[in-house]
Each structure stands twice: as C-alpha cells, then as structure tokens.
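Asker: The structure is given below, and queries will be raised subsequently.
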C-alpha cells in the first residue's frame, strides 16, 4: 500500500531534527506540521506535544526524523535513527536530503511525498463547508482531514525562533509571527467597546420596534441594529460561515456609507436640493390634474361603456374631493419642502440604504391618495364579489358554515329567496361600475408598488451583497478552496515521487450562492396564481411586506 506524506514547503531546507505531525486515521497517510531541531530533550518534546494535544484536539506525535546534512553535523543521522526507540511509532519515517538534489531519500519503496503551502492550507476553507456542530454519519475525505489537521494545529505555529523556549521549530511562521503591537492593543480594547455598543444597539432596536414597523426607514434602522449587534458581539465567530457573515455585514456597511457620502456630495453640489424642491410641487400638481382628468373621464362614458350613473357620480365626486384635499395639503407644505429635503439628504451620511428607505417613505406619503383610492375601490369591489358569491349559494340551496369552514346544504323559504334575488340583481348591475374604478386604481397602485419594489430591491442588494467574500476570492483565492490539483514536482531515480498540491479557488458563482447575507425583506409567500386570485376577488395585497397573523 502506498504511503502518502504531506510535507510543508517551508521545511524543505530546515535543519535536521524530528518530524512532528499527525497520522490520518483510516488512511495510510501522514501530515508533517513542523520540524523540531537539535538540541532537545525527549521528555520536553513529549510534554510539549501533550500540551498541544489538549489545546488543539489533534493527536500530535513524532512521525520520524529529518536529516539535512550540514558542516559540523555529520553524525546526526545515526542519533536521530536511535530516537525511534524513545518515540515508538507504527511507522518511523526517515527523510533525508542530499545537497544538490531536489528529491528526498526515504526509507521504503511505495512512498509519495506531497508538498503543500502550509500557510495557504491553514487559512483556506474547503467547500462545501461542513458544520462541525452537527454530527454526520458520512466520514470526511482524506483531503478534508488534511485541511482540518493543519487548521486545528494553529497553536503549534506560535512558537518561533524568537521565543526563548526549550524547543526550536521550523514551520510557516519560523521567521517570526505575523502580528503587531497595535493590532494586539486594538484586540484587547475592542472587547469592552463591543459590549457597550451591543447594549446601545439593543436599546435602539427595541425603540424602533416600539415606534413603528411600517416605515421603510424604521425597518432599515432595525435591520442595521441587528446586524451591528452581530458584528460588535464580543464572542468570537465559532464557524467559518459565521465569520464570513460578520465580515460581509461590516464591509457592506462601509460600502453603504461610501455610497451615501457620494450621494451627499452630488446633492449639495450646484444647489440641486433647491432645484429638486422647485420641481416637486409642480410634479405633484401635474399628477393631481391627471388624476382629476381620469376621474372626469370615468364619470362620463369611459370607452363607450354604459355605467350606473348614480353610483358613478357618487364615486367620482368622492374621489375628486380626496384629490382636492391632497392638493391643498401639498400647497400648504410647499414652503417647508426644501428644508425637509435638505435634512432628508443628510440622512445619506448613514448610508445609501437609509436615503433609499427615506425615498420610499416619501413616495408612500406623496402617493397616499392613490393608496386610499385603491383601498376604497378594493373594499367596495370585494364586498360585492363576496355578496354575489353568497347569494349564488343561496340560489343553489347552499350556505357557508363558519364553524366548520365548508359549504353545507340549507333550505330557504320564499321570502328569503325573493330578497336574495332582489339583492343579487342590484349587486350584479352595480358590479361593472365598481369593477372599472377598482381596475383603474389597482393599476395606479401597482405602478407605485413597482417603483417602491425597485427601491427595496436596491436596498436588499446593498445589504446582502457579499463584497468581502468577492474581494477575498479575487485577492486571496486560496482562502476559499473548492478542491486541489496535483502536479509532478520531482521524479529522480532512487527517490520517491514528489507532487505539488495546489489549491483550486472557489468559483465566483459558488461564492455568490454560498455567502449571501439574509435581509429583512419578506417576499410574498403566495404564488403568482394566488396573487392574481386575490386581485380578482378584491383582497388587499402587500407585495413587499407580510401581514402579521392575528390570533384570538
């Protein structure tokens, strides 16, 4: 059986010593993690490895010896070979290297040496990501066990040549740990700051929930508060997905702030706020005038249809009165519109998503009369539809059982049938007039909802865009690994086969699919057929938010 040895590239030129690593259970392979150099005491080596085992939960052991011939150390090979009796193993590896040759000399015939970049393997995450907290019956592959072994052995790499310890090791951080005093001080100071910010954000989130959940601005503020609680949590990310989620949230917030500042610089340059305020009132008057002309057209003979004149006049005047009230309200607020827009523009300093949420709320306020028209028309149309359906069951000798939620048989007397026939006739002849008003105002409402939907989708895209994962895939592709590939590194006579293990980065499409951040928007659970049915019967629809279910 072929023995596979995963050997780190950083140890190719290491001084002679002991190979420290891990035997992969169930596979005839070993992972070399570091080289312990002479001089050392075997008892200290065993004590050091036992301490690391309790920290890393990895069965670290001495795999064998490593010999690198140098001047003044000619008798090192025999000394290292005798250590196999002190560190008993099922297979004692003896690796040596001669000057001028690329290949290693190994004891044994069927041996394959696989070289790997220790730093990249330790920092990379092999996909698909496995949840460590959930136990699975499927055993991990040999490659995944290699990645997990190197990643979990991170405390082994803390001991470098600058430490005055009893042991000297060679690994990827042998030249000194990658750290700085400023970074360590920031880590220590961030814990109390994060605790305080988490407490403040909890109060802010509770306050927003108490005020309102209908305004897009409040919903976005609550959403940001929840995400900031996640980012500023003093608890360390337990899993890779949790770490990526925190990083994506933080980077998306920075992107949101940058886009908001760009919007502010554009709005307050060349006095665009005043120009926008001067344009807003004429546009509102134009919309009111168009609606008034539309109602006057409906009050006549629209498209040659014969309407119920009395009901048509009542509905038309009712809606015209609403337009008159709305126009008066707009002209009353016109002196303050520029100042309102000036302060609304400042909200972009909190991020572009806040500015878009405020824009969505402004559109909802400016089109409130259209929403009222839609609600009035939908309620009136729904009342007639349900009335006609109930009276139609009366003609067939049926009735709706409220307790059992089903249609049961029922016997009616002559007076009930007469009154039912009279009401059915009245509702049937009034239905076309009501249906026409309902159709027109529903189309107007759908136009407004479509515009708000585009705004909400833009906010969703900024909130959920995983910029950190994409940047990591572009700048550090080895961090997100999809697999590995092997290429022949050296094949000299008298030496085993040497392979180089390189990391295949994760595809960009897989990155977008795997690391998408959940957002607050609640898309409709109903299908398109269910939505069309609701529109047909006149039920109110909320395409971008879900109604909370009430319980008795």
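The chain as shown is numbered from 1 upward.
Note: Cβ is positioned from N, Cα and C throughout, glycine not excepted.
Annotation comment: TrEMBL describes 189-211, 249-268, 314-333, 340-367, 373-395, 416-440, 446-470 as transmembrane segment.
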Asker: Same chain, outside the transmembrane segment (416-440) by at least 6, Cβ under 8 Å from its Cβ: which residues?
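Answerer: Distant Cβ neighbours of the transmembrane segment (416-440) are 294, 298, 302, 305, 307-308, 311-312, 315, 319, 377-378, 380-381, 384, 387-388, 391-392, 394-395, 538.
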Asker: Restricting to CB pairs under 8 Å, which listed stretch, 249-268, 314-333, 340-367, is in contact most with the transmembrane segment (446-470)?
Answerer: 340-367
Asker: Could you pull out which residues elsewhere in the chain have a CB under 8 Å from any CB of the transmembrane segment (314-333), counting only those six or more residues past its ends?
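Answerer: Those are 281, 284-285, 288, 291-292, 295-296, 298-299, 340, 368-369, 372-373, 376, 433-434, 437, in sequence order.
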Asker: How about long-range neighbours of the transmembrane segment (340-367): same chain, 6 or more residues beyond its ends, C-beta under 8 Å?
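Answerer: Contacts of the transmembrane segment (340-367) (Cβ under 8 Å, skipping residues fewer than 6 from its ends): 215-217, 219-221, 224, 253, 256-257, 259-261, 263-264, 267-268, 273, 276-277, 280, 284, 333, 448, 451-452, 455-456, 458-459, 462-463.
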